[in-house]
Structures are given as C-alpha cells and as structure tokens.
C-alpha cells in the first residue's frame with residue numbers, strides 16, 4: 001500500500017541537523033514500507049558493534065603487555081614505539097583503498113574478508129620466535145591492513161540503516177566500543193599473560209572471537225544494504241524508505257570520479273578542520289595508549305613501590321588499571337558527548353565543534369597535571385589520566401556525526417577513509433615512535449638510572465598536552481564554517 005504526503009519544508013535557517021534533524025526536516029514524500037523490520041536493523045548494528053569491539057581489542061594487545069614484548073625481543077624505546085607506528089601506517093594507507101571499494105562494491109564481502117584476514121594474522125603472530133622480531137613487526141602491519149577494511153566501511157552501513165533521528169544514537173553505541181575494545185585489549189593481554197605465564201597466549205583469544213564475528217556477519221548482515229541518497233535521508237518519515245528517485249522532479253545523483261570526490265572534500269572546510277582536530281585527538285590517544293602503562297611502571301620504580309622486572313612475565317597491574325579506566329571513561333565520554341550534542345544543537349547550530357574544542361582544551365590540562373604529579377602520587381596520576389581520557393572520548397561520535405552531515409552521502413566512505421588517512425598519518429602513526437625517540441635521546445645524554453628513565457618519558461609526554469591545545473583550536477575553526485557546509489551538503 002503506497003501513500004503520498006505533502007508537507008511544507010522550513011527554510012534552511014530553521015532546519016536542524018544531526019540528532020535533532022528528525023524533528024525539523026520533512027518534505028514531499030512518496031513512501032513504501034521497509035522490507036526489513038526495525039529489529040533486523042538493530043541486530044545488524046549489534047553484529048557490527050561486536051566486530052568493532054574485537055577490532056580495537058586487537059589494536060591494544062601489544063600495549064597491554066609492552067614490557068614483556070620489549071624484553072622478549074630486546075627492543076629499546078624507539079623500536080618499541082615503532083611497533084604501533086608500523087601498525088597504524090599500514091592501517092591508514094589501506095583505508096583509502098577500502099573507502100574506494102566500499103563506495104562501489106559489496107560491503108559485506110569486504111568486511112568478511114577483512115575480519116578473516118586480521119584474525120588469521122593475529123593468531124600466526126603468537127608463534128613468532130624472538131630471533132625473528134622483524135616478522136612480528138610485519139604481522140602488526142598486516143593486522144592494520146585487515147582492520148582498515150572494517151573501520152572504513154562499518155559506520156557507513158549504520159548510517160544507511162538508520163534515519164537521522166536514530167543515527168547519532170547508533171553511531172554513539174558503535175563508537176563506545178572503541179574505548180571498550182581498547183580497554184579490554186589491555187585487560188585481556190595483561191590478564192592472559194599473568195594467568196598463563198606466557199604473553200603469546202594473548203594473541204590466541206581474539207582470533208576465536210573474530211571467527212564468531214565472521215559467522216554472525218555471514219548469517220545476519222544482508223548481502224546488500226540500501227544506500228540512501230541525500231534525498232532519501234532528507235525525506236524519511238516514521239521508519240519508511242522514500243522512493244524519491246522515482247518521483248518526478250527528483251533527479252538521480254550523478255556519479256563522480258574518486259579524484260572529483262577528493263577535490264570536493266578538500267574544499268569542504270568543516271571536513272578539513274574537523275579532520276585536523278581528530279588528528280590531534282589521534283596523536284594524543286596513540287601516545288597515551290602505547291606508553292602510559294610503561295610510564296606508570298617507571299614512576300613506581302622511582303617511588304620504590306615496584307621492583308625491576310626480571311622474571312619471565314612482568315607485573316601487569318598498571319595495564320589492568322589503565323584498561324579499566326579506558327573502558328569506563330570511554331563509555332561515559334561517548335554517551336555524555338552524544339547527549340550534550342543532542343541537547344545543545346537545539347539552541348546552537350555550532351554546538352558540535354564547540355563541544356569538541358572545549359573537551360580538547362580540558363583534556364590537555366588534565367593530562368599535563370597527570371604527568372607533573374606522577375613522581376609523587378600514582379593515585380593522582382590515575383585520576384587525572386581518567387579525566388583526560390574522559391574528555392577525549394566525548395568527541396568520538398560527535399566528530400563522525402559532523403562528517404556525516406557536512407559530506408554528501410555518496411562521498412561518505414571516501415571521506416571517512418581520507419579522514420582515517422590524515423588523522424593517522426599526522427596523528428597516532430608517528431606519536432608512539434616520536435615519544436620513544438625523544439625518550440631515547442634524553443636517556444642517551446644522561447646517566448642510566450631509574451630516575452632518568454622516568455624523566456625521559458615524562459618530558460617526551462609533554463608534547464601531547466600541547467598537541468591537545470592545537471586540536472581544540474582546529475575545532476574552533478570548524479565552527480566558523482559548519483553551518484554553510486551543512487546547508488550545501490543538504491542540497
């Protein structure tokens with residue numbers, strides 16, 4: 001049964017967007033009932049969230065047992081930081097390729113192949129001998145390629161499954177699994193190493209979880225999801241799909257080349273500045289994620305509350321606590337960020353970038369204080385690290401939602417891929433390595449001691465606080481262009 005409804009469309013300046021868009025944007029529609037019930041869409045989203053959890057657990061297995069790996073392969077701080085840099089470099093270089101494929105080919109097949117590939121490589125890496133450390137570096141790079149297929153494409157499927165009123169909520173749920181997966185990666189790695197007395201077992205659990213994710217993907221995710229045009233999304237009402245393309249006067253979107261898409265995105269200043277803000281976030285989170293447990297271990301050595309690690313498996317309590325903090329603050333931050341955005345958008349169309357800017361400034365201050373008090377109080381350090389991570393996590397879903405309403409839907413996979421490329425190239429691809437090299441350089445100029453081992457890491461970490469301030473500035477610049485770019489994307 002088909003029904004036609006005609007309603008007046010408010011002028012652009014009266015329209016809302018993002019989470020509040022469902023209440024403020026309607027137009028002439030010809031609707032047909034959706035073939036898939038809402039429950040099926042939520043089930044698909046749940047499968048994608050579960051796979052995202054495993055994705056980020058794999059990211060942070062290495063930092064969770066960094067001291068063990070450093071000792072096993074006999075690596076210095078610089079080489080140890082390079083482990084995560086190799087992973088991120090391969091991840092970001094593969095992202096644009098998968099963005100191109102995701103906009104043009106079957107996304108379910110690409111996702112399934114990615115999960116199978118990265119799970120297999122993770123399992124294989126657990127059998128590498130200490131004589132072949134270069135193979136371990138190579139395996140981390142290959143895992144990065146596999147995870148790029150997932151991070152690039154999965155958010156666009158969620159964006160197609162849900163209308164704008166639900167989209168921010170579902171993306172928030174999806175992005176909650178970034179900090180949750182990251183934290184569980186620390187907990188799983190440290191806990192497994194402690195229980196088995198062998199850190200290699202940490203790399204044999206997530207592949208099993210990846211196998212389950214692959215089965216669920218095959219069984220539950222539809223072979224093709226409806227790719228909605230801008231008209232489809234703008235004209236959606238009450239859970240129906242609008243056949244806008246078939247209605248007289250509504251034209252099909254012309255296909256463009258990848259180069260044309262990139263040129264268009266480069267002229268979209270909201271996309272450019274918000275991507276640079278995300279880059280600053282990635283720089284800080286990458287450095288913290290890699291080095292905080294080792295930094296806290298060295299702080300305890302200086303305080304005399306821990307002894308040097310000489311046994312086969314090192315004490316992983318710092319990784320376990322930091323993992324717990326990452327999970328808790330990540331969940332709270334993403335939820336708080338989405339809720340703050342939903343409420344503040346109603347009174348200020350620039351709310352999203354302003355929320356991101358404020359949270360970056362506060363996070364930078366908290367992280368700086370955490371570094372300064374580490375030598376005297378580990379508890380205070382944990383508290384300020386928790387607040388720093390909390391305010392960083394506020395931005396995850398908000399930044400993605402900015403991209404989704406300032407970029408036209410047919411360019412979204414490419415936009416996400418480019419954002420991944422830039423944010424990782426200038427962000428967390430280099431930050432773990434940079435912190436490691438600065439630390440090595442400081443240690444080389446001073447007498448080897450626990451004190452200088454701690455100070456070298458502390459001084460190199462201060463870079464993160466300054467980068468956080470720059471990130472806040474980039475989000476402030478985003479607020480200058482966001483209304484104009486949103487209106488252009490809606491057209």
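Cβ from N, Cα, C; glycine included.
Features as listed in TrEMBL:
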- 44-483: domain 'Major facilitator superfamily (MFS) profile' (DOMAIN)
- 1-29: region 'Disordered' (REGION)
- 42-62: transmembrane segment (TRANSMEM)
- 82-102: transmembrane segment (TRANSMEM)
- 109-135: transmembrane segment (TRANSMEM)
- 141-162: transmembrane segment (TRANSMEM)
- 174-195: transmembrane segment (TRANSMEM)
- 201-221: transmembrane segment (TRANSMEM)
- 271-292: transmembrane segment (TRANSMEM)
- 320-341: transmembrane segment (TRANSMEM)
- 353-373: transmembrane segment (TRANSMEM)
- 379-404: transmembrane segment (TRANSMEM)
- 416-439: transmembrane segment (TRANSMEM)
- 459-482: transmembrane segment (TRANSMEM)
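When Cβ-Cβ distances below 8 Å are used as the criterion, the transmembrane segment (459-482) is approached by residues 269-270, 273-274, 276-277, 279-281, 283-284, 287-288, 291, 295, 349-350, 352-354, 356-358, 360-361, 363-365, 367-368, 371, 402, 406, 431, 434-436, 438-439, 442 of the same chain, each at least six residues removed from its ends.
Counting Cβ pairs closer than 8 Å and at least 6 residues apart in sequence, the transmembrane segment (320-341) and the transmembrane segment (379-404) reach three or more and so form a contact. With respect to Cβ pairs under 8 Å, the transmembrane segment (201-221) is most closely packed against 42-62, considering the stretches 42-62, 82-102, 416-439. Contact between the transmembrane segment (379-404) and the transmembrane segment (42-62) is not supported: fewer than 3 Cβ pairs lie under 8 Å, counting only residues 6 or more apart in sequence.
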